[in-house]
Amino acid sequence: MNVTPAAPPQPAVQDEPGKAQLAAIVAGAAIGMAIGYAPAFNATAGVFAPAILREFHWTREQAVVSYAASMGGLAAASPFIGMLMDRFGVRRVILASAIVFSIAVACMSLQSGSIGEWIALSLVIGVSGAATSVLGYLAILPQWFDRRLGLATGCAMIGLGVGAAAAPTATQHLIAAVHWRATYQIIACVSLVGSLLACALIRERKTATRSARRHDRFINGAGSEPAFSAVKLCTIFAVAFLTSSATLSLNPHLPALLTDRGLSAGAAAHCASLIGVGILVGRLLSGILIDRFHAPFVGAGFFLAGAAGYLLLMNAASVQSALFACACIGLAIGAEGDLLSYLIRAYLGLRRFGLHYGIAFAGYAFGAVIGPLLAGRYFDLNGSYELPLRLAPLVLLVACVLLVSLGKYRALQSSPLDAQLASAET
């Protein structure tokens, strides 16, 4: 006798949020990321380096080790931050992290020249800054958006791009005007005030989230093995690691690479700035496209564009070709930022979203540390970037294959919550 399986539990009907509330949530996420870890600390580290080198008589390697220490701390902490967000709520974790992060950044102004203190404080900044990055703010959006999650993510990520583009210039002017120590204090204050504003704008949709999690549990108990989630999560982790290690491996070295090829310092800086433009375009465009087309195919297209950019960069004989190559690489960097949270929501659902997203984001962060370090090490030993330039397209190609292997969506495709949870249709 055939037994019809029970229908999944349906969420209680609830008032749909208005467009103004949805816009405020996206704006809050954009503001938070614009003054969070990446713009406030990572994007400004290179600007602080010359002043710190002069004052402490450090080597260049010692001055920039804070980047590796902070990114290592962020990568290691991301899964645990995700667990805390699942347990206590995203907003609370962001607020607590923002306070600790701002205090730690302000303490950078108290450095006495001890490299051990420098590394330790950078590590604290990375750990505390994890929730002030995309890990925290993009964890809010899947609670409110489903059908237009990609567009919402892309719009929010523009805030990160604007912050990362504006922070270095603003920091340079502040250092020239008020010294680097006071500049760290100003950045800390701006980050704290912006984080408080962001937390005032964002909201968590706990009722819808609980309903979605009950639905996810129903699916898991109705014939879906835990191995499914493990395989998908490992695949997404691998994609995040490979793409970030490839696209970011030469990013810090790009000006030097281009000047070594005969470009002027001004032209090299112009090429590097075009990566930022490509990132902004990639974030918004990929967000729009993944709502309309299968996200792995969209992501693979952007990563192939990045691979083409590296191939073109290997043989770039003019400023125009170098500019086009940098724009292609920027598109790939921008797209990977949008993809992670969308893939976790689409394949693993909202149950334990924070943990799953934290693990995937850790892969991205580890790649962002390892890629540039290996590229720099290769240059120190061989005096060129030839091998990293050749490997980056191959790594991106492998990432494309893994991405496409994810197959059809599970959580988004089978979820009955499109009308209730996907508020973006209003």
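Note: Cβ is positioned from N, Cα and C throughout, glycine not excepted.
TrEMBL entries are annotated by machine, without manual review.
TrEMBL lists 20-410 with the feature domain 'Major facilitator superfamily (MFS) profile'.
For the transmembrane segment (22-52), same-chain residues at least 6 beyond its ends with a Cβ under 8 Å from one of its own Cβ atoms are 58, 60, 63-64, 66-67, 70-71, 74, 94, 98, 101, 105, 111, 125-126, 129-130, 132-134, 136-138, 140-141, 144-145, 152, 155-160, 162-164, 166-168, 171-172, 175, 179-180, 183-184, 187-188, 190-191, 194-195, 197-203, 252, 423-424, 426. Taken from TrEMBL, the feature transmembrane segment applies to 22-52 (among others).
Residues or ranges marked as transmembrane segment by TrEMBL: 93-112 (among others).
Beyond its flanks by at least six residues, the transmembrane segment (118-140) meets 25, 28-29, 32-33, 36-38, 40-41, 62, 65-67, 69-78, 81-82, 84-85, 90-91, 93-94, 96-98, 100-101, 104-105, 107-108, 111, 153, 156-157, 160, 191, 195, 198, 202-204, 337, 340-341, 353-354, 357-358, 361 of its own chain at Cβ-Cβ distances under 8 Å. According to TrEMBL, the feature transmembrane segment maps to 118-140 (among others).
TrEMBL lists 149-170 (among others) with the feature transmembrane segment. Beyond its flanks by at least six residues, the transmembrane segment (149-170) meets 22, 26, 29-36, 38-40, 42-44, 46-47, 134, 137-138, 141-142, 276, 279-280, 283-291, 295, 334, 337-338, 341-342, 345, 422, 424 of its own chain at Cβ-Cβ distances under 8 Å.
As annotated by TrEMBL, transmembrane segment applies to 182-202 (among others).
As annotated by TrEMBL, transmembrane segment applies to 223-243 (among others).
Residues annotated as transmembrane segment in TrEMBL: 263-285 (among others).
Annotation comment: TrEMBL describes 297-316 (among others) as transmembrane segment.
What TrEMBL records for 322-343 (among others) is transmembrane segment.
The annotation transmembrane segment is assigned in TrEMBL to 355-375 (among others).
Look at TrEMBL and you will find 387-406 (among others) tagged as transmembrane segment. Here the transmembrane segment (387-406) has Cβ contacts under 8 Å with residues 232, 235-236, 238-239, 242-243, 245-247, 249-250, 296-297, 299-300, 303-304, 306-308, 310-311, 313-314, 332, 343, 347, 374-375, 378 of the same chain, all six or more residues outside its ends.
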